[in-house]
């Protein structure tokens, strides 16, 4: 019985760059054209030379949105559970998507009551659980970000639960502007926190950076929209809509990074490019200025 050829690329170390294996276990050298094509693809974060062998013990891997890692990192030794980042990203994305549409006034919507249920169950609880699992894989950034935004959605739902905790009605009983001012400051606080995380993505990938940049802009604009009100004392509608737009961008970028973490050659016909910044570790490696361990080449 003949063996069926099955080409696969199992690592991104230099030794495996120009080798292929088939069903017989015999390695075949890649042709010069194949090698050059693979090298070109790897510069943009996809292709066989960019495949992430996260089970490797000593290999340091470049920043990757699908693993929620903004910098050089090592895979967890003998990891026996799945990557939790795509789950957290999807939970964040769907909840942000719905709220972004409401803030933009889609189909005349104005009240965020529906998003309360999603914020409790998916954006809150599920994302918080994903953040806790990021602790287990040793990803400090992922654990901090996903757990914090999970907490954000739970707190958001608590504040806006209709008739539940009576936070809105209690503040509005003091005066009409009390809730709007406090909610605006609440959003500005999340803008500051997100800005801190944004600083940690400056050397990662374009997809990862755009996610946090758009989210930061959304928090800032929504906070301003509640603090800088219109002539009638209501939230500034154009600014709120602008914040909703950036929230939609953040939602789609979260889904994009989640897909980058889920799709591989076992389940997809394509690998999602994440595009490394030229000044990142991966970018410097592509230009021959840094080795695979992140050390500068003299």
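Start at 1 and count along the chain as shown; that gives each residue its number.
From the backbone N, Cα and C atoms, a Cβ is placed for every residue, glycine too.
Because TrEMBL annotations are produced automatically, they should be read as predictions rather than curated entries.
Copied from TrEMBL, the annotated features are:
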{"type": "REGION", "residues": "1-25", "note": "region 'Disordered'"}
{"type": "TRANSMEM", "residues": "81-102", "note": "transmembrane segment"}
{"type": "TRANSMEM", "residues": "114-133", "note": "transmembrane segment"}
{"type": "TRANSMEM", "residues": "153-171", "note": "transmembrane segment"}
{"type": "TRANSMEM", "residues": "183-200", "note": "transmembrane segment"}
{"type": "TRANSMEM", "residues": "206-227", "note": "transmembrane segment"}
{"type": "TRANSMEM", "residues": "239-258", "note": "transmembrane segment"}
Fill in: Contact ranking winner - 81-102, 114-133, 183-200, 206-227 against the transmembrane segment (153-171), Cβ under 8 Å
114-133
Worksheet, complete the sentence: Stretch winning on C-beta pairs under 8 A with the transmembrane segment (239-258) (pool: 81-102, 114-133, 183-200, 206-227) is 206-227
Worksheet item: Sequence-remote contacts (6 or more beyond its ends) of the transmembrane segment (81-102), Cβ cut-off under 8 Å?
Response: 54, 66-68, 109-112, 114-115, 118-119, 122-124, 126-127, 129-131, 133-134, 136-137, 139, 142, 146, 149-150, 153, 215, 218, 244-248, 250-252, 254-255, 257-259, 261-262
